[in-house]
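Sequence annotations record features per position, and here Swiss-Prot assigns ATP binding site to 36, 37, 38, 42, 43, 44, 45, 46, 47, 48, 232, 262, 263. Marked as L-glutamine binding site by Swiss-Prot on the basis of sequence analysis: 68, 213. Taken from Swiss-Prot, the feature motif ''HIGH' region' applies to 35-45, supported by sequence analysis. The annotation motif ''KMSKS' region' is assigned in Swiss-Prot to 269-273.
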């Protein structure tokens with residue numbers, strides 16, 4: 001794709017916050033990031049994290065991390081730990097202690113009782129299917145539940161018995177009494193509490209009734225003094241309900257909800273259900289597989305926090321739905337690593353080269369810059385009689401325009417001498433296993449006299465180079481819209497069978513032998529790579545390809 005503009009795109013919420021502060025509405029702003037701990041954060045969450053934490057930073061406010069933990073059956077401490085780690089990795093720190101919606105269960109219960117006493121909530125015995133029938137449709141109004149007119153006393157008694165664990169899961173629910181004829185489906189007597197006999201990771205077995213997201217969210221914002229409650233556009237229709245609860249309860253503050261468009265990235269799936277399916281069915285190695293759209297996956301792939309933050313700044317914040325080209329994200333990491341990643345050489349498909357006219361036993365220590373522009377110092381490569389080049393850099397019958405090594409032809413070894421291919425040694429099956437070459441001793445750092453050498457290839461010394469594993473990652477899906485499957489198919493049909501190639505026996509220059517996990521490099525002529533967070537260790541490195549040097553997919 002063409003190079004995107006790197007300047008920040010418009011952010012309408014920044015203007016709203018500035019206007020509120022200028023008008024003296026708030027002494028300081030307080031935002032929050034409220035994930036449900038039922039999965040790992042993905043690239044879409046990064047936009048929300050950067051927005052909420054970024055606004056708080058920019059305007060000297062606070063940003064809370066609050067886990068919306070109202071569904072214990074799907075939540076786990078593993079996800080809580082991973083979410084906290086991802087936020088810190090992105091470069092943000094929440095204000096104060098971590099918050100949990102479950103911290104407010106006692107207060108939420110007390111407010112539910114107040115709604116019952118005010119005649120604004122009732123206990124309903126309809127099951128899920130019946131409730132769906134009574135609810136109506138977008139074009140037809142709903143019908144009142146036959147239990148809507150229960151007395152306050154009966155509702156208080158039933159709700160207390162629900163809390164005491166007297167009824168099985170799903171037998172009853174507590175619903176708000178709003179308007180079954182409302183064109184907004186969310187106002188048709190929404191559920192406030194469900195019976196769910198499930199152990200909770202924070203509150204244990206104290207509760208067997210749990211509040212709904214809608215009943216929890218706005219009141220939690222009010223308790224925490226959130227000034228700007230920012231969520232994605234799918235919650236726009238929930239805002240009237242958010243405001244109804246705040247208007248009908250004695251909450252300590254009146255937060256305001258704002259919506260922005262979620263991040264939709266092509267070639268990508270961000271549905272937690274689908275990501276979990278990829279993991280559970282073994283299509284990927286785990287939530288942090290480098291092909292996943294999770295932040296832990298991008299981290300293991302070699303993406304930097306700076307590149308993701310810059311990407312989120314580039315795409316901006318607005319209310320228009322659209323699809324962002326994944327090429328913008330790939331541009332962002334290329335741009336950052338081009339400026340920061342030290343250069344190194346790694347031969348992915350080694351072919352041995354013997355330089356026949358180089359003195360046996362002689363070794364020259366050649367100094368090559370770690371970076372062409374930045375002052376990162378030098379690394380030392382021992383140059384001797386035997387070395388490795390990539391098998392793809394020699395062709396006996398070259399295609400048109402081939403500028404690498406051919407029989408009788410010359411190339412320059414990066415940072416070293418010009419060599420000529422004199423003889424190809426083959427095994428019994430006709431495979432080339434070794435090249436015999438000669439070098440021009442007068443070409444170190446300069447062109448040979450009277451002839452032009454166009455090609456430059458990378459190499460590593462045979463002695464001192466490090467054997468390593470290289471994992472060539474690519475996009476997990478071959479379709480720009482993975483969700484779009486043929487009739488009877490699924491998004492799994494769009495998985496890219498070539499999204500991972502594992503190469504064993506690669507040879508890396510000596511300086512890479514002591515690479516620590518998450519050390520990043522540009523492998524010259526190959527791409528940007530990172531030492532794997534889990535599997536790589538000094539002396540036995542494993543490198544993951546973060547991204548190719550150039551966009552090999554083009555406009556998707």
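Each residue, glycine too, has its Cβ placed from N, Cα and C.
Here the features listed in Swiss-Prot are painted onto the structure.
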residue	record	CB count, 10 Å
36	ATP binding site	17
38	ATP binding site	18
43	ATP binding site	23
45	ATP binding site	23
47	ATP binding site	23
68	L-glutamine binding site	20
213	L-glutamine binding site	15
232	ATP binding site	15
263	ATP binding site	22
Whole-number mean of pLDDT values that fall within the motif ''HIGH' region' (35-45): 96
Alpha-carbon spacing, residue 36 (ATP binding site) to residue 68 (L-glutamine binding site), which is rounded to whole Å: 5
Pairwise Cα distance for residue 232 (ATP binding site)/residue 213 (L-glutamine binding site) [Å, integer]: 15
Top Cα neighbour of residue 68 (L-glutamine binding site) in the set of binding-site residues 38, 43, 45, 47: 38
Composition by DSSP (helix, strand, coil) of residues within the motif ''HIGH' region' (35-45): 3 helix, 1 strand, 7 coil
Shortest C-alpha distance to residue 213 (L-glutamine binding site) - which of the binding-site residues 38, 45, 263: 38
Per-state residue totals over the motif ''KMSKS' region' (269-273) - DSSP helix, strand, coil: 2 helix, 0 strand, 3 coil
Secondary structure at residue 47 (ATP binding site), reduced by DSSP to three states: helix
Reduced DSSP assignment, residue 213 (L-glutamine binding site): helix
